[in-house]
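J.: Below are the features I grabbed from TrEMBL:
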TRANSMEM  94-111  transmembrane segment
TRANSMEM  157-182  transmembrane segment
TRANSMEM  229-247  transmembrane segment
TRANSMEM  253-272  transmembrane segment
Amino acid sequence: MCGMNNLLRVSSILKICNSNITSSVLRYRSTPVMLCQLQRFRHIGHYRKIGMKNVAPVCQVFENVKSFKLYSTQNLPGKNIKDQTENILTVPNFLTVGRMIMCPILGYLVIQNDYPTAFGLFVIAGITDLLDGWIARTFPSQASLAGSFLDPLADKLLLGTLFVSLTYSGLIPLPLTILIVARDSLLVASGFYVRYISLEPPRTVGRYFDPSLATAQLAPTNISKFNTAVQLLLVACSLAVPAFNLAEPILPVLWYVTGTTTVLSGLSYVFAKNTYRIITRSRVK
């Protein structure tokens, strides 16, 4: 409170010290300075005491009106602050959305026992997954923070749809599918929570679901990447066995390996650090 009282006294003195400050400077004298100091002191966690001797030579500190105005209006709350947006209309994002569109089609083909067509479409989906990652890494202009959310979300939708449909067809055991769907559901819910806490006020529905508004970036763990590869291998083998009349002794082995990596990858998100990075608002100069 002492610091606040000193600030008010400073403001009052600046208002009455007309004889020491030119009329042009007076237009920017009290309120901007006080707000600037309040904002500056708030950043360091406390209100600094201002000595009265620092107020008198104000007119000697600033050479002209422009320098005084620049100082008095810097770091004002809400000044020169804007949300960080990005271009989401990139080739990797289009490929990712296309992979999402394939999900219900693949599920329908599996349920209808059209395994050769389902296997071919699944291979195309896998190629788009590899291609969008390669494009984003090779061409920086095609990378986006939204893609760090969309790509794993598309993988989880694709795998979840195929695991459920393959379980319905009797090709994958039900406990394994429940484990995978439960783990992916928790990760998706965590992603929505990260989006909420990283979204600066005002938190509106429109801003929350605006994909061009960059607020956070996800970084999957290495064991999670390996688990995704094992799950893709299991799905590919489960589709290939009935599609090409292959022997299926490898499937039970893949079931246990997939279950183990699924549990380990879920635990890695609990104990690992830096699995996501919050993007703060940028200042425009």
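Glycine residues also receive a Cβ, built from the backbone N, Cα and C atoms like all the rest.
Caution: TrEMBL annotation is automatic and unverified by curators.
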J.: Looking only at residues six or more beyond either end of the transmembrane segment (157-182), which have a C-beta under 8 A from one in the stretch?
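T.: Residues 99-100, 102-104, 106-107, 110-111, 113, 122, 125, 228, 231-232, 234-235, 238-239, 241-242, 251, 255, 258-259, 262-263.
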J.: How about long-range neighbours of the transmembrane segment (253-272): same chain, 6 or more residues beyond its ends, C-beta under 8 Å?
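T.: Cβ under 8 Å, 6 or more out: 172-173, 176, 179-180, 183, 186-187, 190, 221, 223-224, 226-227, 230-231, 233-234, 237.
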